[in-house]
Each structure stands twice: as structure tokens, then as C-alpha cells.
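The structure under discussion appears below in the form of C-alpha cells.
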Amino acid sequence: MTASLVVLPSLWLILIIFTAPYTHCTQSGIYIDNGKDQTVMERVLTDDDKLDVSHEILEFLGIAARPLHHKSHGLSLRKSAPKFLLDVYYRITAEEGLAIKNKSDHSRSKRDANESEQNFITDLDKRAIDESDIIMTFLNKRNHNVEEMRHEHGRRLWFDVNNIPTDNYLMMAELRIYQNSNEGKWTTTNKQFTVTVYMLRSGGSAPNMLEPLSSVNTTGDYVGWLELNVTEALHDWRVNSNENHGIYIGAHALNKPEREIKLDDIGLIHRRTKVDDENQPFMIGFFRGPELIKSTSGHSTQKRTKRSTLHQRKKSKSEPVNPFIENSIENTRSCQMQTLYIDFKDLGWHDWIIAPEGYGAFYCSGECNFPLNAHMNATNHAIVQTLVHLLEPKRVPKPCCAPTRLGALPVLYHLNDENVNLKKYRNMIVKSCGCH
């Protein structure tokens, strides 16, 4: 048997999905430990209960509304931007050592061996990944209505950045373009080129002025991703969306900067690139967000009060089903980490959360009795409190069993049909327990 739970601190509610492997039925409800190393159902949760919990957790995680239904994760993951985030996701889970269940249609820990993995996540990316809370990707909008450029050799790209939350601080933004020398005109290391990204600005007599942002050097035989810094452009677009006229990509020979060459000649941004092409150009934004786990006080109190009232009205439909449960079960085991599994699928989130399908959250449970052993990770204060409790048990309580170390949970999800986000929720997974 497997048991999975969802803990919601603001409601003090535990939702557990319990599946028997030899049957085809699944029940959702509240399960508790009966003190004899057995997990038993205390009561069944109705569909309304689960919907209530789902809304509460969305608010708890700082997601304003449930993203729209997405038909196929597999189709979207063929695109370049989601593939990048999927690699980032697996890198984070590997470093955190998370016990996470992932869907079978994308259960890979790295890109295919024939792909240029070594330059897909750079050292600069790794630092930005570690420091950021939210990573957003943006694909080029091919159908955006813009004026044609007079520069026939380069390419113009445009990204819709209107969905970025205003309270997120931009750390860095990168443009990724793929070079495939096999499709180019020059395929030798003797040919060196400079690729430059420009921000398109309007003003004056010229309809579009080119403001250089960054450049990168490459060779004619290079195959892989090129990274260009576009932080200034994304920052300006967020301040004033009317200034978002896109960017322009140009290239020239290293020894002839005055002569622009066709990007096709060095295998860059081919005109026949499809929307779902895994080498489609994309932009990455690394952000530091506010505390992602929202406070349980303030403006949301009224909403929770209404839902709690609704929960009380529905309680008659979900009364205890096990008459052998004693409400005053005392856990006599010493403080230790217990298994707790969160299942997103039972909340109906499998159509917009790409990964994970579920994760091990764990929890701390048990007594902090004298003497406090080494495995209890007791603080000095807890040791003193235990001794005082022996002398004055009615005045001073025993120390509490609580997490001593917590880990982050990465969640990869569809914002809409065009954009995929990766959020890191800190302090979501118990790593160790102790007496405090």
C-alpha cells in the first residue's frame, strides 16, 4: 500500500490519497497513525472537500488562479524553451536529492547524447539558477504584427513579456539562439564571426533604431547554443510595454565589422524553423520573487473563513468512518522523520503541472523525552527545557519535535500555451528533525 498526503497549515488539514495496489479504486481522505505502526482512515473527503483544499493550496503557493487546461505535456516539451527548463528542473532535483515521482513521458535526467549538452546550461546559468526563485522562458512570437526590417541579412524577434508579475525582481535575462554549421555556408574554424543582439527602439525620423545590447564570437564550424545578454531590454519592456518593439540579430565577419552577413550562412535562425522546433530561439528571465509561500493572515482571511464555513456545512457528509479510532492517540515514539507524500494528480493538477507528479514532503513526529539521544538533534535550549520539565512538568512543557533542516521544491508548470515557468518553493521538504 502507498499513502500520500497534502498538508495545509492554514487549515490544519491533512489530505491523504490512499491507493490499494490490488484494487482499482482510490479513496481520498484523512488518514492518521493509530499508534501501532498502522495507517487508518479517519474520514473520507468529498469532491467538494478536495476542491476546497485545492483552492486553498493555490493561494498558499502564491498562484492567483489555476492555469488553464493544457492538452499535452509531451507536445510542448519538444520546444526549446521547455526543454531548457526541464533540464534545469532535473539539475535542481539531483542537487537537492529529492524523492520525486516524475511522469513517464519526460523521465530523463539529461538531454540526448547527440545534443550539445555541455553548452545548454552554462556556468553563468548555474549561478543564476541557484540565486533565483522563478525562471521564466519566452518563445519568439512569429505571428506578431510588426513592421518589416530593412536589414535583410538579420532577423527580428519579438517576445510577449506581459505575464511577468510586477513584484518579481529581474536578475538576468538571456537570449538563446542555436547555430548549426551543417546548414551554413562556412563550416571551418578559420572563419570567425561576431553575432550581436540589438534592442529596437522607436523615435526620431527612423521607425526603428538599433541599440546594441551584447555580442558573442563564434566560428563557422560551431554547433550549439549561443547566449546573449538581454537584461537591459527585458527591464525596459517591463517598465514600459509600449517600448517592446523586439530585438534584432545581426552578424558580421570578425575581420570585416562593417559588412553584415546573412545569418543563414552560418546556420543561425533559419527561416524555415517551426514553432515546435527544439532549436527555436527563446529568451530566459531569472527572477527573485517575494516570499512565494503567502502569509495566512491579511487579505485572504475572509476567503478562508468562507471556505471554512463551507467545510463545516459539508462535514455531515464526511464523518468518521472508522469507529475503532481513538481521538486521543499518543505517539510514544521518539522524535523522527516520517513519510509524507504529496500527490498533485489527486488535486486535478496533472494537466498543467509538468513536473513533479508528486513529491516526498515528510514531517516530524514523536516525543522529546529525557534523555535526549544524539539522533534527536536536540538544541542546548531543548536539553535544558527537558531537565526543567522533569522538575516542573505542569509549568514547563517538553520540547517539540520539529524540522531542523528544510529543502526547496522546484515546480515546472504551464503558465499558458506559450510559456512555461519554473518556481522554487523554499522550505517545502523536511530534510531532518530534532527537538526544539
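The backbone N, Cα and C atoms fix where each Cβ goes, glycine too.
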**Fill in**
Among the candidates Cys400, Cys433, Cys435, the one bonded to Cys364 through a disulphide according to Swiss-Prot is Cys433
**Asked** If you check Swiss-Prot, which of Cys25, Cys401 bonds to Cys335 via a disulphide?
**Response** Cys401
**Message:** Which one, Cys368, Cys400, is listed by Swiss-Prot as the other cysteine in the disulfide with Cys435?
**Reply:** Cys368
**Asked** How many other Cβ atoms are found within 10 Å of the Cβ atom of Asn377 (N-linked glycosylation site), counting all protein chains shown?
**Response** 19
**Request:** With H, G and I counted as helix, E and B as strand and the rest as coil, say where DSSP puts Asn377 (N-linked glycosylation site).
**Result:** coil
**Message:** Let me check the 10 A CB neighbour count of Asn217 (N-linked glycosylation site). How many other CB atoms are there?
**Reply:** 11
